[in-house]
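Residues or ranges marked as transmembrane segment by TrEMBL: 87-108, 120-140, 181-200, 207-228, 240-260, 272-291, 303-323, 335-354, 360-377.
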Amino acid sequence: MEAESPASEGVTEPQALGAMGTIGSLLSRIRGKLFTCVDFQLCTTMGNCSVDQAGLEFTDLPICLLNAGIRGEHHCTQPKRDILKTIALGQMLSLCICGTAITSQYLAEKYKVNTPMLQSFINYCLLFLIYTVMLAFQSGSDNLLEILRRKWWKYTLLGLADVEANYLIVRAYQYTTLTSVQLLDCFGIPVLMALSWFILRARYKVIHFIAVFVCLLGVGTMVGADILAGREDNSGSDVLIGDILVLLGASLYAVSNVCEEYIVKKLSRQEFLGMVGLFGTIISGIQLLIVEYKDIAKIHWDWRIALLFVAFALCMFCLYSFMPLVIKVTSATSVNLGILTADLYSLFFGLFLFEYKFSGLYILSFTVIMVGFILYCSTPTRTAEPSESSVPPVTNIGIDNLGLKLEESGVSETHSAVL
């Protein structure tokens, strides 16, 4: 009996130490969880919370996402400075569009030159000379020939949509009124949102629909100001044809913008601009020879007309070059809301260049559109991930219970190792 006493004491002591070690390890790991939760809560408070679903672990999942009960969806918190940057970039694009409108109006009113396809052709040529040539020197799957081999028909359709969208909107002015063009051109925004929902899996909140309504209300105010200022002089030759052209052009713009957002975010900006430059040059060149060769032959060229063509091409080139950068950090919908102010910038410049009459409603319209744009940008949209997402579903359980459940598998492994 006395001989068994040391043996029994030797067995009991390691078991006690092992149990104490297990409890101590568990407390240490739970404490780590609590400090992690505090850090993520601070991250949420500062507005810098983000999540990358590739290789995501439970310990890396921010508390802001846990509290929201998100299942396989990606949220992005946007600081105030990013909203201001988005507004600034959107207005820069509006100024580029304003530049194209002013130069086109100068060509049409001062020099009787109405060649929208020629102007677009010059822009596509610039895109081709810069971005398509860049693709030609790329290697691997980004090479121009490799892209053409795999996706030539897709970019042919994209180039066709982009060219015809530009052409149809300009051609509509010959048939319908300025009011119809300005109002019906906004039809592209709901089409864009619908396409983004199904193709890009964008998910909107109620505030986004309210923001779009506010922006469209601002456009209506602008149209009312045009009517009161007497800018609605030309009633058009066939309003119905013109309205149909505007709707088709706005829809094609929406298709082009959704494709642009997908390519820029999934592939690269250079590929989008290079392919649009290549197929846009081909399609617009063919259409140019068919519909505008007589108008081009009537142009009496001088340095002023050439300078206006160059100014238009540079503004359009800047628009095409910078828009993918803005879309990449925002979305095609927010960009289209931001550039609604382009017509107002054209009106402000027209007060000095074309002797437009001023109306206080222009200021009101600009303010309403900007309020709607800021309202839209203030709340980020969601992107729904596929159901087979690698992020496990998160239930609305408390933080403490969540930490215990996260540790459950680890505790079982620890007990097995001790035994």
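Please read every residue number as a count from 1 along the shown chain.
Every residue gets a Cβ built from N, Cα and C, even glycine.
Keep in mind it's a predicted model, so treat the numbers as computed, not measured.
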* Structure fact -> With the greatest number of Cβ pairs under 8 Å to the transmembrane segment (303-323), the stretch among 120-140, 207-228, 240-260, 360-377 is 120-140
* **Cβ contacts the transmembrane segment (87-108)/the transmembrane segment (335-354), at least three under 8 Å, sequence gap 6 or more** => yes
* Asked: Does the transmembrane segment (335-354) make contact with the transmembrane segment (120-140) through 3 or more Cβ pairs under 8 Å, each pair 6 or more apart in sequence?
  -> no
* To do: Between the transmembrane segment (207-228) and the stretches 181-200, 272-291, 360-377, work out which stretch tops the count of Cβ pairs under 8 Å.
  => 360-377
* **Folded-back contacts onto the transmembrane segment (120-140), same chain, C-beta under 8 angstroms, at least six residues removed** => 146-147, 163, 166-167, 270-271, 273-278, 280-281, 284-285, 288, 309, 312-313, 316-317, 320
* Asked: For the transmembrane segment (272-291), what are the same-chain contacts with Cβ under 8 Å, counting residues 6+ beyond its ends?
  -> 117-118, 120-121, 123-132, 134-135, 144, 147, 151, 155-156, 158-160, 162-163, 167, 260, 263-264, 320-321, 324
* Report, as numbers and ranges, which residues of the same chain sit near the transmembrane segment (240-260): CB under 8 Å and 6 or more residues beyond its ends. => 158, 161-162, 164-169, 171-177, 180-181, 184-189, 191-192, 195-196, 199-200, 272, 323-324, 327, 332, 335-336
